[in-house]
Amino acid sequence: MPAVKYQKGEKVMGRWPGSNLYYEVKVLSFDSMSQLYTVIYKDGTELELKEQDIKSAAGFQARSRSRSRSRSPGRRRSRSRSPARTTRRSSSRTAATRLKDTLEVRPSPLVISTSHSYKLKPLLMCIFLLAGAYFWLLFLPAWVLFLIIQVNLEDPSLANFPPPLPPLEAFLDAQALAFVILWIAFQAMLYILPVGKLSEGMPLMSGERLKYRTNGFFAIVVSAVVVAVALHQGLDLTYIHSHFLQLAVATFLIATLLSVYLYVRSRYAPQEQLALGGNSGNVVYDFFKGHELNPRIKDFDLKFFCEMRPGLIGWCLINFAMALAEMKQQNLEAPSNSMILVNLFQLLYVVDGLWNEEAILTTMDLMHDGFGFMLAFGDLVWVPFTYTMQAYYLVRHPNPLSFPALTAIVILKLVGFYIFRKSNSEKNAFRRNPSDPKLSYLKTIPTATGKSLLVSGWWGVIRHPNYLGDLLMALAWSLPCGFSHLLPWYYMIYFIILLVHRDSRDMSECRRKYGSAWDEYCRTVRYRIIPCVY
């Protein structure tokens, strides 16, 4: 049997799958059957690499110095040595498992090549990912516009598809654009105020930990006070309902301009500040996925700000405006019970997220995803203009609730929220510091990678209990709209599809990564939200 070239614990340079970028990794193990090394990157990502994807640290540094002194064109050198041709074959399986879902469309890194030796499967994967980027760039804005136009019809039944399009001038409104700009500027001002905690993010590839001003709860409280004062001064917030389409288009334009700015500035960013996933070399793909990981203007973190402020707090503002519009259109002295439930349920969700704002720093969005059109559109357009669809629907299509139905929906929401918050708190505390003495009571299953699988609390009852809580809350958001039409249930349907995809993806990825430890975990935690998917 040939000797293993790299030993367990050795620090080497590992190529990130689908790219020509190398980062320092530590060898965890070697599988003689598959001939794959399991390595861990500085940010905690664990992958399996072939031997040709790994270089010794000393040799890699020597080559880097030699390359920097050479004047020969990089293109000619890459053709002669062709390092990418061998490594792409080894990374195709890993790249495929990292394809994410719609709102969180996170395709793996890819490299476009004209090499004749490029194998069919990786080529098809590249075509698929590129086609996906083009598709979502066109589909996502069109879907938002469709929802707004269709739900506002007298009869929003899907039998009336396609809805009649308003004239072109109805899509654009200078006052709506000014309103959106003013709202984003106001939230930016609140974000930069020296109020609230300075929290540390997770370690980056370089080992650096960025600091974030986590004062989101302060921002929503101040926003509520300012809106109350504006109403007292005579501001008509029902403008948001009557100009909902124009506000969505204005926000889309701002998100697009922001995405262009993000891509242009990323072309001048240092290599170590680029995202691993949005570094394909294809302009459209990198524009969509996000080329730079943490774009900042001095200490102003653009990704973190957009993730938690204008869209999320704007969601609550829009819901409140819809309640006022319902009172106006239905001649009510107070909002209907259905509208009150939707407003309170979703307000609780947003306030909880802002109160626990520090937890977002451990998510994939902040840790791994670049900031491009995908996240900019999701944060600024998708969240405030699709998550408010239940309230928007109820303005023109009221749905009275009996007291027993109202009570049952409230109980469902509270149960879902408890499961969601409790399980997320357990996960975030364990992820930040598994060795914290306060977490010593938690039961875990050790893995060969050095990480442990949590099998305690809600995570010992069912796999992904946070998804279960989310699902129950989504159901409670939709029930107040009744069953007359399908569109107010779209979020529920979308979330179920999302769960099926995530469950299937997570199962295959975790089985590959953790091996026998994952089998033990599955025997310990048997229940799943989607029991039929493998």
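Quick reminder: no glycine exception, Cβ is built from N, Cα and C everywhere.
Please treat TrEMBL annotations as automatic predictions, because they have not gone through curation.
Taken from TrEMBL as is:
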type	residues	note
COMPBIAS	64-91	compositional bias 'Basic residues'
DOMAIN	4-62	domain 'Tudor'
REGION	58-98	region 'Disordered'
TRANSMEM	123-150	transmembrane segment
TRANSMEM	170-193	transmembrane segment
TRANSMEM	214-232	transmembrane segment
TRANSMEM	244-264	transmembrane segment
TRANSMEM	371-395	transmembrane segment
TRANSMEM	401-420	transmembrane segment
TRANSMEM	441-462	transmembrane segment
TRANSMEM	474-500	transmembrane segment
### Query
When the pLDDT values for the domain 'Tudor' (4-62) are averaged, what is the result?
78
### Query
Looking only at the domain 'Tudor' (4-62), what are its DSSP counts of helix, strand and coil residues?
9 helix, 28 strand, 22 coil
### Query
Is the count of Cβ pairs under 8 Å between the transmembrane segment (244-264) and the transmembrane segment (214-232), pairs 6 or more apart in sequence, 3 or more?
no
### Query
Thinking of Cβ pairs under 8 Å, which stretch from 170-193, 214-232, 371-395, 401-420 has the most of them with the transmembrane segment (123-150)?
371-395
### Task
Using a Cβ distance cut-off of under 8 Å, indicate which of 170-193, 214-232, 474-500 has the most pairs with the transmembrane segment (401-420).
474-500
